[in-house]
Amino acid sequence: MKVGIIGAMEEEVTLLRDRIENRQTLARAGCEIYTGQLNGIDVALLKSGIGKVAAAMGTTLLLEHCQPDLVINTGSAGGLDSSLKVGDIVVSNEVRYHDADVTAFGYEPGQMAGCPAAFVADEDLIALAENCIQQLKLNAVRGLICSGDAFINGAEPLARIRAAFPTVAAVEMEAAAIGHVCYLFNTPFVVVRAISDVADQASHLSFEEFLVVAAKQSTLMIKAMLTTLAQRG
């Protein structure tokens, strides 16, 4: 088994990359892919860069060059579910774009033409993540994660997203693009991110302060998931 792991930023991948054994690096078009073994599993760790285009391009490179059996998207997110606090975990049941709008042609908010309304995470990977959450005794929410090319900060964009997607649990900038590419490649995926900020008017300050906390928590989750997969054989 080979596991693809995707993080957008240096802070989101460095703790994992530094632990990869027999590490090799592929650099292409602004992306970096690190291959080797981590916690007993063959891995391909992608640092994609920020935003939907970077995430889609990087995920495509990852799937084409490394052919992982599954993909886990790690990193940070802004919490919209009222029960989420900094350091808590959000697990995707599905991902959607919050900044796509072709509703004039009968599509749902966030739905791209010719695509499903949402990209649905793999149930087995969701169960794996939730099992690890219980083992680690972390607070977590399973729900909708919405992505767009904007850092959500302030009442107006928050209200717009909540109005269009009432069940949204968290927002960030890559997960829907990753889910979109995995859907096209028929590769199972799940998003497991830690909360770095509660999306509000001061979220940019919280993000800068707590990104490292979120990175440590999401790394803890990835390592636990890999260990469980290795034990299953």
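Placement of Cβ uses the backbone N, Cα and C atoms for every residue, glycine included.
It should be emphasised that the depicted structure is a prediction, and the values quoted were computed from it without experimental measurement.
Taken from Swiss-Prot as is:
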| type | residues | note |
| --- | --- | --- |
| ACT_SITE | E12 | active site, proton acceptor |
| BINDING | G78, I152, M173, E174 | substrate binding site |
| ACT_SITE | D197 | active site, proton donor |
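What Swiss-Prot annotates, mapped onto the structure for a quick look.
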{"residue": "E12", "record": "active site, proton acceptor", "CB count, 10 Å": "27"}
{"residue": "G78", "record": "substrate binding site", "CB count, 10 Å": "25"}
{"residue": "I152", "record": "substrate binding site", "CB count, 10 Å": "23"}
{"residue": "M173", "record": "substrate binding site", "CB count, 10 Å": "24"}
{"residue": "E174", "record": "substrate binding site", "CB count, 10 Å": "33"}
{"residue": "D197", "record": "active site, proton donor", "CB count, 10 Å": "25"}
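Classification of G78 (substrate binding site) by DSSP places it within a strand. Counted over all residue pairs in G78, I152, M173, E174, the record's binders of substrate, the longest Cα to Cα distance measures 13 angstrom. Counting only the Cα atoms, the space from E174 (substrate binding site) to D197 (active site, proton donor) is about 16 angstrom. Neighbouring residues of the recorded substrate site, listed in sequence order and excluding G78, I152, M173, E174, comprise A77, S147, G148, A150, F151, V171, E172 (Cβ within 8 Å of the Cβ centroid). Secondary structure from DSSP puts E174 (substrate binding site) in coil. M173 (substrate binding site) sits 13 Å from the residue listed as 'active site, proton acceptor', taking the CA atoms of both as reference points. Counting in whole angstrom, G78 (substrate binding site) lies 5 from the residue listed as 'active site, proton donor' by their C-alpha atoms. The separation of the residue listed as 'active site, proton donor' from I152 (substrate binding site), Cα to Cα, is 10 Å.
Taking the Cα atom of each, the residue listed as 'active site, proton acceptor' and the residue listed as 'active site, proton donor' are about 15 angstrom apart.
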